[in-house]
Amino acid sequence: MASLSLINVPFLLVISLSIVTSSMVASANNFYQDFDITWGGSRGKILDNGELLTLSLDNISGSGFQSKKEYLFGKIDMQLKLVPGNSAGTVTAYYLSSIGPIHDEIDFEFLGNLSGQPYILHTNVYTQGKGEREQQFYLWFEPTADFHTYSVHWNPSAVVFSVDTIPIRVFKNLESIGVAFPKTQPMRLYSSLWNADEWATRGGLVKIDWTQAPFMASYRGFSSSACSLASAKPSCVSSMPNYSPWLSEQLDPLGERRLRWVEKNYMIYNYCTDAKRFPQGFPPECRAIS
Ligand SMILES: *[C@@H]1O[C@H](CO)[C@@H](O)[C@H](O)[C@H]1NC(C)=O
Ligand SMILES: *[C@@H]1O[C@H](CO)[C@@H](O)[C@H](O)[C@H]1NC(C)=O
């Protein structure tokens, strides 16, 4: 397995990124400090002195929040507890996105299901406005019973999606073969809970049961070790100890093995094997992966 290499170090130098050692921990995970509820009014709530955030969905509206900061590379972790019970037709989206017509986006979307039926974790990556890179997974635990950590580790060589520190997807920097990589557009972190029963559960066959409303998802344990563009002057901030390695971090052999384990046992859709969708041939990043 080819190892990831750190590409584009010059870019980091160009924007004269400075890594600032700040005092850690205490102020980590304060939703008041890091996020704004942007949609759904009182359906989004920050509770417990900023340690907990909840979103809800009812027959009038869903709700959502976004980060105050924009990030350009980062290691971002959040704990989510998904809508319990009959969540069919609901989608909890958790993603990073830039704005504008050629945006970059790194997506987790949790597709709800009937009680006792498995959620689907749907992922996608957009670069320069182009997506169509879906991969879907079942999870190896019940995501509504407890909080689990969902992470994006984004550096100049790769975007790694992880669940409870287990890598589930790697989008490598393959600019060398003409695949755009997100590296110039800062992104905000967004999350929303909404009605997607047109497509979410069994392809749209199972609709939301509104007698179960309101539906609620919960968030806690946000931690970021990221370069943020607070103003014109980029600076690197951290709310986590031992943060600096992420900028050059690579998937180690254990990470590679875990990734293969997830792909083998839990992956249920991969655009790179869906020949029907790409009659002209698979995208180059699919051909590059063994
Ligand atoms: C929405 O749900 C409320 C509470 O269950 C109900 O009273 C109301 O009629 C519903 N509204 C619509 C537009 O379905
Ligand atoms: C919901 O459960 C059905 C039946 O087990 C399964 O086929 C489907 O993949 C599950 N998830 C979603 C989001 O449809």
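In case you wondered, yes, glycine gets a Cβ from its N, Cα and C as well.
Residues annotated as active site, nucleophile in TrEMBL: E105. Other Cβ atoms within 10 Å of the Cβ of E105 (active site, nucleophile) number 18 in total over all chains.
Summarising the annotation, TrEMBL assigns active site, proton donor to E109. The DSSP secondary structure for E109 (active site, proton donor) is strand. Within the same chain, the residues at least 6 positions away from E109 (active site, proton donor) whose Cβ sits under 8 Å from its Cβ are V91, T92, A93, Y94, Y95, L121, H122, T123, N124, listed in sequence order.
Residues or ranges marked as domain 'GH16' by TrEMBL: 25-219.
Residues annotated as N-linked glycosylation site in TrEMBL: N113. The Cβ of N113 (N-linked glycosylation site) lies under 8 Å from the Cβ of S87, A88, Y119, I120, T201, V206, each on the same chain and at least six residues away in sequence.
According to TrEMBL, the feature signal peptide maps to 1-27.
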